[in-house]
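Q: Just passing along the structure, written as structure tokens.
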Amino acid sequence: MRLFLWNAVLTLFVTSLIGALIPEPEVKIEVLQKPFICHRKTKGGDLMLVHYEGYLEKDGSLFHSTHKHNNGQPIWFTLGILEALKGWDQGLKGMCVGEKRKLIIPPALGYGKEGKGKIPPESTLIFNIDLLEIRNGPRSHESFQEMDLNDDWKLSKDEVKAYLKKEFEKHGAVVNESHHDALVEDIFDKEDEDKDGFISAREFTYKHDEL
């Protein structure tokens with residue numbers, strides 16, 4: 001019995017030691033351009049309007065560009081909720097409008113073992129990202145009262161979806177129903193702690209503070 005316990009403890013120790021020796025994957029960030037004045041820096045839950053170019057590190061080939069492949073239009077996305085790549089959520093925090101960053105994203109924070117489209121499995125990716133605008137996102141504390149249309153101190157899926165549509169339309173972005181539905185479901189999956197179909201003010205604020 002003692003031998004069994006000793007082996008179990010030893011196995012746990014070795015496993016923990018190996019885990020500690022293996023570094024967590026990180027995004028390499030290079031600031032290419034920065035404004036002289038920065039009134040606001042990005043944080044989790046913010047809506048970001050960006051232009052970007054994505055390249056494969058192995059051969060430098062371009063796999064996507066908003067300038068070329070998106071009718072020349074920048075894109076909106078919400079930071080910190082895995083709406084984009086994990087590498088974006090990690091590498092675009094604390095960014096200012098007018099700032100341009102180069103991100104080198106390892107496979108674990110990109111498309112991993114599966115790859116996607118023109119991107120082979122286990123690809124390291126390079127992105128040049130230009131931040132054009134920051135807005136309060138659907139998960140920001142400041143937006144709660146604006147989203148709570150009936151003032152009942154809780155948010156329904158319809159209220160969150162209506163807010164998203166209004167924000168996207170305000171800035172000339174194309175309203176994509178399936179995109180909004182998926183984003184709302186993701187928000188409720190993370191925010192609706194008691195799974196009652198609503199996000200209370202307490203749930204909203206508590207989750208936002210963790211971002």
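Here the Cβ of each residue, glycine as well, is placed from N, Cα and C on the backbone.
Swiss-Prot feature annotations, pasted as is:
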- ASP192, ASP194, ASP196, PHE198, GLU203: Ca(2+) 2 binding site (BINDING)
- CYS38-CYS96: disulfide bond (DISULFID)
- 45-135: domain 'PPIase FKBP-type' (DOMAIN)
- 135-170: domain 'EF-hand 1' (DOMAIN)
- 179-211: domain 'EF-hand 2' (DOMAIN)
- ASN176: N-linked glycosylation site (CARBOHYD)
- 208-211: motif 'Prevents secretion from ER' (MOTIF)
- 1-19: signal peptide (SIGNAL)
Q: Where among the disulfide-bonded residues CYS38, CYS96 do you find the Cβ with the fewest other Cβ atoms within 10 Å?
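A: It is CYS38 that, of the disulfide-bonded residues CYS38, CYS96, has the fewest other Cβ atoms within 10 Å.
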Q: Give the nonlocal contacts of the domain 'EF-hand 1' (135-170) in its own chain as ranges (CB under 8 Å, at least six residues past its ends).
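A: Sequence-distant neighbours of the domain 'EF-hand 1' (135-170): 44-47, 49, 76, 78-81, 180-181, 183-184, 187-188, 191, 197-201, 204-205, 207-208, 211.
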Q: Express the distance between the Cα positions of GLU203 (Ca(2+) 2 binding site) and CYS96 (disulfide bond) as a whole number of Å.
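A: Cα-Cα distance, GLU203 (Ca(2+) 2 binding site) to CYS96 (disulfide bond): 28 Å.
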Q: To test your reading of the Ca(2+) 2 site: which residues beyond ASP192, ASP194, ASP196, PHE198, GLU203, same chain only, put their Cβ within 8 Å of the Cβ centroid of those residues?
A: LYS154, GLU191, GLU193, LYS195, GLY197, ILE199, SER200
Q: List the same-chain residues at least 6 positions away in sequence whose Cβ sits under 8 Å from the Cβ of PHE198 (Ca(2+) 2 binding site), in sequence order, or say none.
A: LYS154, LEU155, SER156, ASP192
Q: Enter the number of other CB atoms within 10 angstroms of the CB of ASP192 (Ca(2+) 2 binding site).
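A: Result for ASP192 (Ca(2+) 2 binding site): 19 other Cβ atoms within 10 Å.
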Q: Tell me whether PHE198 (Ca(2+) 2 binding site) sits in a helix, a strand or coil according to DSSP.
A: coil
